[in-house]
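Undergrad: Before I ask anything, here is the structure I am working with.
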Amino acid sequence: MLPANGQTAVIQSKTSSHGLPLVVAHGRPLPPLPTPYHVRVRVLAVGLNPTDYKMVTHFFMQDNTAGCDFCGIVEEAGPQSVLGLGLRVCGADFPYRPSNPYNGAFAEYATADSRHLLRIPDGVSDLQAAGIGAIGWGTAALAISDPAALDLPGLPSRPDSRGLPVLVYGGATATGIMAIQMLKLSGYSPIAVCSESSAPLCMSLGAIGTASYTSVTCAEDIKAIAKGSKIKHALDCITDVESMAICLASLSRTGGRYACLEAFPDAWLTRRAIAVKVVMGFEGQNVDVDLGHPVYTRKANPALHAVAGEWARELQLLLNDGQIKTQPMQEIGGSFEGVIKALEMLQRGDVKGKKLAIRIAYSK
């Protein structure tokens, strides 16, 4: 039964006594179902992403709910929902936009498009499911399949037989881990740039080789792993001056495609024959997002919404077969207060190579 007196949620607030402008608020309105395809989910656990502290820091919106990745139980469904009541699912919403004040994962209830949610098999825990969420795989999906990004046609259901090498810089990040698996299962040969300690994980996920980002010969090491095959596709999950330089140096002299996840100064782009796109995972939701910044402001894109839906169907089959792995998980206690504590840990850089998850409720 839905709460009569509103819900508890983590919201953005200038009155916060924390390092981040976040507080736990009570009596919050439940988010509406914005389309007939949406469902309302009772949140069981949430997964944290760097975007959750970056957005509230750089694009603060007073009183907006926070949080993207969640796992929960479907308790209300729109008339065209593809999911029934009572199902345990994982997914995400992008709450960091002015037109979406009440929806977000860090709450007792969240809404999401049923076509982009994954049904959770019995062998996957709530915390693991929150770690899968949708931000990581959704961002990777758009980077891989968007014609303006890497424009790679392969999918797990119809792999590309060419085995093209694809560079994944930040292979041990949440998005990188999903990208390596999705690329490998789609017929590609992912090459991961990561720390030496994360190399075994990236190899176990399907990377054909790894290069250390601390190596002075990183770009040469990447090319050696490709064994003479020209690298024409790079996904940069870090997006700083060093990562971009290595990606551009690794791409073929004849050009290629570079997808990254954050805006960058024009001076970093030292090669003009490279097609570049800054990938925003929220483009898969088919909503207008205006953050007052030219790079991060996007119009609703039905084509990318369809890409995300297609990959959701692909991921569902892989999840059912046990073929999808997440980052190593670390549970943080404290429910909603624990969410704020964990985000501050992420912001300080206290967490390396792990996905933080917080229990919000238990299945009834």
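Using the three backbone atoms N, Cα and C, a Cβ is placed for every residue, glycine included.
What you see is a predicted model, and the numbers here were worked out from it, not measured in a lab.
Feature list, courtesy of Swiss-Prot:
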type: BINDING; residues: 51-54, 172-175, 195-198, Tyr213, 261-262, 351-352; note: NADP(+) binding site
type: BINDING; residues: Trp137, Gly138, Thr139, Ala140, Ala141, Leu142, Ala143, Ile144, Gly281, Phe282, Glu283, Gly284, Gln285; note: substrate binding site
Undergrad: Determine, to the nearest whole angstrom, how far the Cα atom of Ala174 (NADP(+) binding site) is from the Cα atom of Ala143 (substrate binding site).
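TA: Computed Cα spacing between Ala174 (NADP(+) binding site) and Ala143 (substrate binding site) is 14 Å.
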Undergrad: What span in Å does the substrate site cover, taken as the longest CA to CA distance among Trp137, Gly138, Thr139, Ala140, Ala141, Leu142, Ala143, Ile144, Gly281, Phe282, Glu283, Gly284, Gln285?
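TA: Greatest Cα-Cα span of the listed binding residues: 16 Å.
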Undergrad: Measuring CA to CA, name the entry from the binding-site residues Thr51, Lys54, Glu196, Tyr213, Val351 that ends up nearest Gln285 (substrate binding site).
TA: Thr51
Undergrad: Return the member of Thr51, Lys54, Glu196 nearest to Glu283 (substrate binding site) in space, with distance defined Cα to Cα and candidates limited to these binding-site residues.
TA: Thr51
Undergrad: Near Tyr213 (NADP(+) binding site), which residues of its own chain have a C-beta under 8 A away, given they sit six or more steps off in sequence?
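TA: Same-chain residues close to Tyr213 (NADP(+) binding site) (Cβ under 8 Å, separated by 6 or more) are Tyr169, Val193, Cys194, Ser195, Glu242, Ser243, Ile246.
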Undergrad: Can you tell which of Ala143, Ala174 has the most other C-beta atoms within 10 Å, given these are the binding-site residues?
TA: Ala143
Undergrad: Among the binding-site residues listed here, Thr51, Thr139, Gln285, whose Cβ has the fewest other Cβ atoms inside 10 Å?
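TA: Across Thr51, Thr139, Gln285, these binding-site residues, the one with fewest Cβ atoms within 10 Å is Thr51.
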Undergrad: Among all protein chains shown, how many Cβ atoms are found within 10 Å of the Cβ of Trp137 (substrate binding site), not counting that one?
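TA: The answer is 29 other Cβ atoms.
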Undergrad: Can you figure out which of Thr51, Lys54, Glu196, Val351 (the binding-site residues) comes closest in space to Gly281 (substrate binding site), comparing Cα atoms?
TA: Thr51
Undergrad: If you count Cβ atoms within 10 Å of each one, which of the binding-site residues Ala141, Glu196, Gly281, Val351 comes out on top?
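TA: When each Cβ's neighbours within 10 Å are tallied, Ala141 tops the list.
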Undergrad: Write down the Cα-Cα distance for Ala143 (substrate binding site) and Val351 (NADP(+) binding site), rounded and given in Å.
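TA: With distance taken Cα to Cα, Ala143 (substrate binding site) is 25 Å from Val351 (NADP(+) binding site).
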Undergrad: Going by C-alpha positions, which of the binding-site residues (Thr51, Lys54, Glu196) is nearest Ala141 (substrate binding site)?
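TA: For Ala141 (substrate binding site), the closest Cα among Thr51, Lys54, Glu196 is found at Thr51.
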Undergrad: Secondary structure at Thr51 (NADP(+) binding site) (DSSP, helix/strand/coil)?
TA: helix
Undergrad: Reported as an integer number of Å, what is the Cα distance between Trp137 (substrate binding site) and Lys54 (NADP(+) binding site)?
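TA: Cα-Cα, rounded: 19 Å.
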Undergrad: Give the distance between the Cα atoms of Lys54 (NADP(+) binding site) and Ala143 (substrate binding site), rounded to the nearest whole Å.
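TA: Here the two Cα atoms lie 20 Å apart.
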